[in-house]
Amino acid sequence: MFKNYFKIAFRNLWNTKFYSTINILGLAIGIACCILIVLFILDEVSYDKHFKDSDRIYRVTSEINFGGNHNHYTTGPAPLGLALLEDYPYVESYGRFRTWGDFLMKVKEGDQNKKENNVIYADSSLFTVFSIPFLHGDPAKVLKEPNTLVISESIALKYFGETDVVGKTLIVDDDTKFRVDGVIKDLPSNTHFNFDVYFSMLNREDSKNDVWLSNNFQTYFKLKEGVDPEEFEARIREDFLTKYIGPQITNLLGTTYDALEEEGSFVKYHVQPIEDIHLHSQLNNELSANGDIKYIYIFITVAGIILLIACINFINLSTSRSLKRSKEVGIRKTLGSRKKQLVFQFLTESLLISFFSLLLAVLIVELVVPLFNNTFDKQITTDYFTQPQLLLVLIFILIITGLAAGSYPALMLSSYKPVEVLKGGKTVGKGSFSLRNILVVGQFAISIILIIGTLVITGQLNYIQNKNLGYEKDRVIIVNDVWNLGDQSLVFKEKVRNLASVTNTSLTSFLPVEGYSRSDNMYWRNGTNPSPESSVSMQSWGADGDYFNTLGMEFIDGQPFDSDSQADSATVVLNEAAINQFGFKGDPVGQYIHTFGFDDVTGQIDREKILAYRVIGVVKNFHFNSLKESITPLGVFNRNNRGVLLIKLKSEDYKKQLAGIENIWNSINPDQPFLYNFLDSDFESMYVAEQRVKKLMLVFSGLAILVACLGLFGLSAFTAEKRFKEIGVRKVMGAETNQVVFMLLGDL
């Protein structure tokens, strides 16, 4: 019986090749879109799950509300990790790392330096938390000494041309030799951290301090099996406050943590599963732009919409062609076929079309995946047999499309009465026309909703890109590693400023985009004592006096400091948010703010050393974090920070202007590469997830419209075929082509 079903199904598909092709092509495009979306979603939800025991690995985050500022950081204090291991027997291991800008590296003297910015300082114990595969070296022995490092497979090949390089050295920043302790396999892209160079944490003195009131280190730990992370979080939050944070607050501020808490301030530690970081974490100091779970839900909806549109096409074409199958149904019923058998017959045809559509969809996906990966910066693979979730999705799509698209036509056709059909009285009823019209309107309405959603997301991204940020990001070049020039950095700055194509230049290490220095410190205004109610937690940036003009910032009071003036050596420019938090009485310009200095020997905060800074100007608020975050207090201090040179250009003739700047660089420092990037590009990189969603929505909404139009084309062709004789008569009687077209359109 089933053999007969398939035989008839193949025959019908062959006899109606045109309409079968439209059905198969429409479904194939819809299914291909679904598969691509599923692949994208599977990649997004798989982040960090490739690590062994990933369900037991956590990151400690710090939530701090102090001085009117509420922030949640991915980082914590230096001693936190060791305290976890020593104080709690159910912590299996811990590891820290700290990001630290970029470095210049080479194999030997005389080689050209190469810039590496995917670099961290890491504990040797980090490799006991994360099961990072080693190609060479012993993970239990690496980074145990200063001046050692672990490098990725890519870095080993880049510098040495091979991976077996344990024991060899790399010269870092022209002055320090680091021994290679190990070479790790390149990590997959679905990892929330993915570094190429791991320097020994023993090279950082601040990693050994006991200061709990700073947040510079990413701290990870692995819990032993069976430990409840929520109970553990509550435990460390209470214990650390009592044992470590409280005493240091008393020593620093002369008050208790309880008194601070009564004023609304607090410090809280959270434990965050690493499997949740990519889709559920948008904290300060994230290592890169994460995804967002809401976009996963959006794409699931989009996949369903596209598949629904494709199924509607199938239903419309099947029901519209039902008249051509009505006599077949009548004869079968007369010969004794039951309704159930007829339903199975038509569902078999539907499933067969779905099967062919699925095969074509898989082929389309195989062809498109490389382009998809390149466009959306992914490493998606289509290994169906090693991805059981994907295989289940394919089976689910096959069954759903076959049944959903074939059920109504099968039930409608099998319900025909044989006597009426064989007498020629059974045609497609008014109800069928009504349903078909509803489905056609419905699928285009759904497509329009999808387009509206795409326009909303596009509009949001355009708003971000065109919003007044409080500074000018266009035509600003960032020349990196200027600190390597030493005192010659000032010479470089002045020579570049004198170029006819340059408006202004500034030396700094702080920029209003991610990936550059940040420093958060506590200050209080003159006339008050350092206490929770009078202190302000404020970003402390350093730059020269040309910083504000170079970035086009607007002053609402006072003026920029003069970097060459001794009188301005201890001055600061505050933003409006800082002015509001400090609560100055009268004009803030000319008043002072204070902070604690540091001990020259220990590097710890010294309560006896009070530093004073005169407020010389007030700059209008500008966004220096993501637009998703509010603007917090910030001060720009007159400091000798020479990490990068900002260059404001007069025009966008970049090729010629960059050549002139590079010539100046090479004349001063020919041994170092000239490395630069654009401020507007760095700004856009903060919104990678949003840009990716925008591209995906544009692509899939366009394909949804294509599928809908394909179905409408099939209906139009069938309508024209059905009324072929009538059209001929009308043409003979003098009907114009446009009249015939409008008549057919009215039939859709």
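Here the Cβ of each residue, glycine as well, is placed from N, Cα and C on the backbone.
Feature annotation from TrEMBL assigns domain 'MacB-like periplasmic core' to 20-238 (among others).
The domain 'ABC3 transporter permease C-terminal' annotation in TrEMBL covers 301-417 (among others). As a whole-number mean, the pLDDT of the domain 'ABC3 transporter permease C-terminal' (301-417) in this prediction is 77.
Positions annotated as domain 'MacB-like periplasmic core' by TrEMBL: 445-652 (among others).
Annotation source TrEMBL lists domain 'ABC3 transporter permease C-terminal' at 699-746 (among others).
Look at TrEMBL and you will find 21-42 (among others) tagged as transmembrane segment.
According to TrEMBL, the feature transmembrane segment maps to 295-317 (among others). Remote same-chain residues near the transmembrane segment (295-317) are listed as 19, 22-23, 26-27, 29-31, 33-34, 37-38, 40-41, 44-45, 279, 350, 353, 397, 400-401, 404-406, 408-409, 436, 439-440, 442-443, 446-447, 449-450, 453, 689, 693, 696-697, 700-701, 703-704, 707-708, 710-711, 714-715, 718 (criterion: CB distance under 8 Å, separation of at least six residues from the stretch ends).
What TrEMBL lists as transmembrane segment is 342-369 (among others).
Annotation comment: TrEMBL describes 389-413 (among others) as transmembrane segment.
Residues or ranges marked as transmembrane segment by TrEMBL: 434-457 (among others).
The transmembrane segment annotation in TrEMBL covers 696-720 (among others).
Beyond the transmembrane segment (21-42), the same-chain residues lying 6 or more positions past its ends with a Cβ under 8 Å from any Cβ of the stretch are 296, 299-300, 302-303, 306-307, 309-311, 313-314, 317-318, 353-354, 356-358, 360-362, 364-365, 368-369, 372, 376, 378, 380, 382, 387, 389-390, 393-394, 397, 401, 405, 696, 700, 703-704, 706-707, 710-711, 713-714, 717.
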